[in-house]
Amino acid sequence: MCGIICIFSSDCRATAPNELLNDFNVFKENINKRGPDSFDMKSLSLKNGCELIFGVSVLWLQGEIVTKQPLENHRAVFLYNGDIYNGLNTGSYFNSKSDTLELFELFNQTDDIFSTLKNIQGPYAFIYLDKERDMLYFCRDCFGRKSLLIGKQCEIIVLTSVAHRTEKYEFIELPSIGLFCWDLKSKALFLYPFSLDNANFNGKLAELESFLGKTISLKDTIMNTKNMPEYMEPLAEQIALYENLENMSIENFFSVLFSDQNWSIRIENLEHLLEESVKKRISTQPNFCRDCIKEHQECTHSLLGVLFSGGVDCSILALLADKIVEKTRPIDLFNVAFGEYQHYKTPDRQTGLETLEELRQLCPEREWRFFEIDIPKDELEKLRSDHIADLIYPLKTILDDSLGCALWFASRGLQNSTQSPCRVLLVGMGADELFGGYTRHRAAFKKKSWLGLHTVLNEDWENLPYRNLARDDRVVSDHGRQLRMPYLDEKLVQYVRSLPCWQKSYPSHKVPQGFGEKILLRSLAYHIGLKKAAVLKKRALQFGSRIANKNENGHDISINLSELIWHLGNTCTALLEQHQKVHSHQKHLLW
C-alpha cells in the first residue's frame, strides 16, 4: 500500500518549478502517513518544458524487501498503490518479487498496457509517465477500491491518494471508469473505458469534464466488466425451497436449505472462493508487525486485524482467517463505540462480545484480542475538525462524516494506551451489495418481487465504485494500515454476480428479518459453525457504533465537513491573529 502524488502544469510555460514544489509540500504530510516504510520524490523536466513532481510513500506488504518508489528507467516513471493477487507472470500470488516491480516490467515490455490491466486481480491506483511520448496515464481499478483524487488550480493539476481542504485547490475523486491518458504535448485528455455498460458512465465522465473544463476523448474499451445475467423470471421449482421456511426454528431453517443438493454445492463454492480470497489478503505480507518491522525482527505479534461488529460478514472473515494465520499469533478484533459519560454499551459492542464468545468456542487455541475502542464526544469533535475531515474530503455528506469518522477511529486500533501492531485490516465491504443485505433490497422485493430485487442489486453494484471505498481507503491508510476487502475479490465477485438473485437473497416478509437477507452468506456462516452470528440483523456501522443520529438524512451536507464553515473558521482565526498582533503593538507603544 502506498500514497502516491503527481503535480504538473497542463500549460508547461505558465508555472514556475518552485510553485509546483511549494504546492507539493502542502500535500506531503498526509501522503507520508499512508506509507511509513519509505518515502521518495522525483522532479522531472520533459523536452517540451513541462515540469512534473512525483512522490510516493510505501507500506511494505509484498516482496522480500521494500520497493522504493517512484520507479524510473529511460522510458518511464511509475507510481503504484495496489496489490496483485494473481501473479501476472507466475500465476501465483505467493511471489517473492514485488508486485510493483512486476507490473512496471510488464508495462515496459509492451506498448499495450491495456492488455496487462485486463489481467490484474486486486485493487490498484497508479500513475505512469511515458517519457518517450510525453503521455501521462492514470487509473483506478474498476471496483474503485483505491483512492485517487484529481485537483486543479488554474493550469496546475494534482493527482494524489489523499488531499486536504485548501483555499487554493479544489478536488474530486477520479471516477473508476477506465484508463486516462493526458497528452502533455497537445494537452488533450483521452479515456480508455473499462466498459460502456455502466449506467453511471456518462454522468461521471461529464462530471470530470466539467470539473477540468476540457473535453475527454473516448478510445477503445479495455474490458467488459458486466457479469450479471439478464433477468429471467424464476420457475416455480427454482424457488420451491423457500416455501418451506416459514415459522421454522433456526436449526430447521438451515436444515431445509442444506438438504437441497444445489444449495449445498453453492455453499461449498462460496466457502472455497472466500477462503482463497482471505488467504491471498493475509499471506502477502512480511512476518513483521508495525513495531518490529523497523528492525526487521521477526515476531509472533499480531499481523492481522478485523473490523468487527459481530455481524455475519466480519465474523465469517475472522473465522476463515483463523485457518490461515499461525496459531502462535493473535488476531485483533476492532470494535468501535461512541458515547458520553463513559457509556459505550452500543449495539455493535454487545453483538461483538457475543460473537467473540462464539469464536473462542470454535477456536480455543487462538488468542482473540478484542479491542473495545471507546470514543468520547469531545475527542470525536476535535479530531474530526483537525484532521479526519481532510481525509474524507472531497466527500461532504452526513453519511460520509459518520462512516468516515467511525472507520478512522476503529482502524486506529487504540484501546486506552494499547494499540494493535497489525498492518493489515480485513473488512466486510461489498457483502451487502453482492448478497442483498440492505433494507432497500427488502423494500424492492416487497414492491416488485424478484425483478425488483434483481434491479436494485444491479444498481447497487454499479454504484459501488462511486460510493465509499475510496473514502474508506483514505481514512484507514492514514494509520499506516492496509485495508483489504475479501468480498471484493474478482473471482468471488464473478461467481456471486453470475448467480440469479433468488439463489443468494430472499428478503421476504415470510421469514424473520435477519434470515432471508444475504441468505446464501448466512448459510455459509451457519455451515462453518457461526450459528448465532448467522442470524444477526444487518446494522449499519454508523448506527451500531452510535456515531450517527437516525433522525438526520445521511445524504444532506454535513455541517462538520462543510467548506463554508471551514473557510469561515480560517477567516475568524486569521482575524483573531491579526487583532492580537495589533493589540500587542498598541500595548508596546503605550509602554
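Just so you know, glycine gets a Cβ as well, placed from its N, Cα and C.
According to TrEMBL, the protein carries these features:
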ACT_SITE  C2  active site, for GATase activity
DOMAIN    2-202  domain 'Glutamine amidotransferase type-2'
BINDING   D99  L-glutamine binding site
BINDING   L307, V336  ATP binding site
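Features recorded in TrEMBL, as mapped to the structure shown.
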residue: C2; record: active site, for GATase activity; Cβ within 10 Å: 29
residue: D99; record: L-glutamine binding site; Cβ within 10 Å: 25
residue: L307; record: ATP binding site; Cβ within 10 Å: 26
residue: V336; record: ATP binding site; Cβ within 10 Å: 31
Integer Cα-Cα distance in angstrom, V336 (ATP binding site) to C2 (active site, for GATase activity): 25
Residue pair L307 (ATP binding site), C2 (active site, for GATase activity) - Cα distance, angstrom, rounded: 21
D99 (L-glutamine binding site) and C2 (active site, for GATase activity), Cα-Cα, nearest whole angstrom: 12
Model confidence over the domain 'Glutamine amidotransferase type-2' (2-202), averaged pLDDT: 90
